[in-house]
2 protein chains.
Amino acid sequence: MKFSIQKDRFAQSVQDVLKAISSRTTIPILTGVKIDATEEGIKLTGSDSDISIESFIPKEEEGKIIVEVQQTGSIVLNARFFNEIVKKLPSEKAEIEVVSSFQTVIRSGQAEFSLNGLDPDEYPHLPQIEEGEVFKLPTDLLKALIRQTVFAVSTSETRPILTGVNWRMEEGQLFCIATDSHRLAWRKATVETEANAEYNVVIPGKSLNELSKILDDTQELVEIVITDNQVLFRAKHLLFYSRLLEGNYPDTSRLIPTDSKTRLKLNTKEFLQAIDRASLLAREGRNNVVKLSMIDNEMIEISSNSPEIGKVTEQVRSGEIEGEEIKISFSAKYMMDALKVLEGTEINIQFTGAMRPFVIRPENDDSILQLILPVRTY
Amino acid sequence: MKFSIQKDRFAQSVQDVLKAISSRTTIPILTGVKIDATEEGIKLTGSDSDISIESFIPKEEEGKIIVEVQQTGSIVLNARFFNEIVKKLPSEKAEIEVVSSFQTVIRSGQAEFSLNGLDPDEYPHLPQIEEGEVFKLPTDLLKALIRQTVFAVSTSETRPILTGVNWRMEEGQLFCIATDSHRLAWRKATVETEANAEYNVVIPGKSLNELSKILDDTQELVEIVITDNQVLFRAKHLLFYSRLLEGNYPDTSRLIPTDSKTRLKLNTKEFLQAIDRASLLAREGRNNVVKLSMIDNEMIEISSNSPEIGKVTEQVRSGEIEGEEIKISFSAKYMMDALKVLEGTEINIQFTGAMRPFVIRPENDDSILQLILPVRTY
């Protein structure tokens, strides 16, 4: 294997596949990045067996020569060192050559690195995904779907299925749902799909987080292929594979109340900042709990109390208050997480009682909702 | 005590004195920030008993009213919470009032915090420094003196005196010296001083680091007062006290070689980057060691070798090579630390043998030098 390549483009691709590579893997070859030089260009692969990322660098891009392959071939190089080296190469160009029994030389300017590589034949094969039904999402919408749900997955392995986000496709609508059983994030989107495909899968939260980091904020379409145990996201020159979680995701539709006894309209930013201030003193106390109560039909009060340190109260004006009076306590963290991902300047909160889950929605937008379970304090 | 104050100005001062406050202190009252409201303005104090910082906010600044004191008095408030609260206050103004037995109310906009304070009479007194001899340094020069020496102090408590920077004043010249016994940083500066004062003190590295963080990059003069066991830095509205380290600082002048057998001239940035690349593979091996050797009378070679991972060699052009051929090994980290603080595009390195300390100086500047002890490998 021997090729020369534009350093910056190469460094970006190495950085991308590195996101799949864990230094704590028990399979030594997976600490490496696999490099394949073919007549078409350079393919880089990184994997931790849950997530696999493939990045392709074509010989030419926009009429500019990026790669020159003198000899095709493959090698696996320690990902952490290789990444550091590529980033710091002195010249704009790098030359990579396997000289003997996996020993690989990297030349750039006056610098020459020699790395002990590993046998590329020992590198595991990526999942084979049959090119069946495909659906497409613009990259920025995909990133929004992830951002607005993935924060609510469970971080505990007690119920492993809850560490993933449930993706259900029904009648051309994609529903993304995450819950850690204390709060729930729900988002739907209309999807470009060829057939009337129906899916019901659970994608690990970690995979979605890593995917989101790699994708740029563009409107280019990402192709998504779902099989029994794998999902593949295909963007330009990038393949992102993740395994799916096994098991049945709980039916969350029953959790979302359909009626309400109290309804509040609030300015999102003002409310978020008031919760943030109240949480300053709540953090030390019982699990970051703040209280919300009504003062009159225009004002609510946010408060928290941490006997050793002090207390805080703040009044927030509500655009509209309807229904029964309510006093309710909840986690400031869950509320802030939810408010941060809701778009729009105004939100509605619907309560059905101090001990029942309540729902937060942006004003005039039914594509997203956040649900939080209250905490018993009164 | 009762006053109202501009939030941003207040938050900045709280932030400054916070740098002296440690949450790991064994003296509970020192986790607090002391607030004194007087007819002149507000004084904030933070201390960990090694470092004490006092920040003063005058009633008026540039014709603008900053503070209005309704009732003078003092209180001590938990610094961590108070800092978080002040930063996040909703309005541009804050009102602080001690309502009863140290309970303190902070009002801003619609938010009201109530914090349990501590008795200000229990707060330790700051060191009393006699206004004796004073010398002055422009803030930016003071920050340069710190930055160019403090990185070389010892981080080990084996010889506590080496955790500080030696400041010696002789004949209107200030010498700042730091060493961890493997490398040494030396800097001198001419100083504005009234009398022909002579000092020889050791200032804790930690104190100098914190001082440097608080000071802005201006040319305003900082007044420095040195006593037997304390140093005081006085900037506009800011007092920074540090205890001095006890004991005699070793005489380092003998360590600096006066002759040389080999002399190299190098481009600082090119050399730094080559060392950085060589250190990529050196980190895993023996203590981050790289080798420098001569190729001919124009080129040197930097190399390192880590048998399990690989090796790197790089040639660097030297502007001038004089004297005996040399092969020498040294810590890449020490070399990078030294090069980063040397100003100027070109440096001279002077060797007196492969096992003797060598000296790095900027071309045409005798106010600074860095000394590194080599590592035995050949």
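Going from the start of the chain as shown, residues are counted 1 onward.
Even glycines carry a Cβ here, placed using N, Cα and C.
TrEMBL labels come from automatic prediction, so no person has curated them.
Annotated domain 'DNA polymerase III beta sliding clamp N-terminal' per TrEMBL: A:1-127, in sequence order.
DSSP states for the domain 'DNA polymerase III beta sliding clamp central' (A:137-251), grouped as helix (H, G, I), strand (E, B) and coil, give 26 helix, 50 strand, 39 coil. Look at TrEMBL and you will find A:137-251 tagged as domain 'DNA polymerase III beta sliding clamp central'.
Feature annotation from TrEMBL assigns domain 'DNA polymerase III beta sliding clamp C-terminal' to A:254-376.
Residue counts for the domain 'DNA polymerase III beta sliding clamp C-terminal' (A:254-376) under DSSP, split into helix (H, G, I), strand (E, B) and coil, are 27 helix, 54 strand, 42 coil. Mean pLDDT for the domain 'DNA polymerase III beta sliding clamp C-terminal' (A:254-376) in the predicted structure: 92. Summarised by DSSP class, the composition of the domain 'DNA polymerase III beta sliding clamp N-terminal' (A:1-127) is 28 helix, 62 strand, 37 coil.
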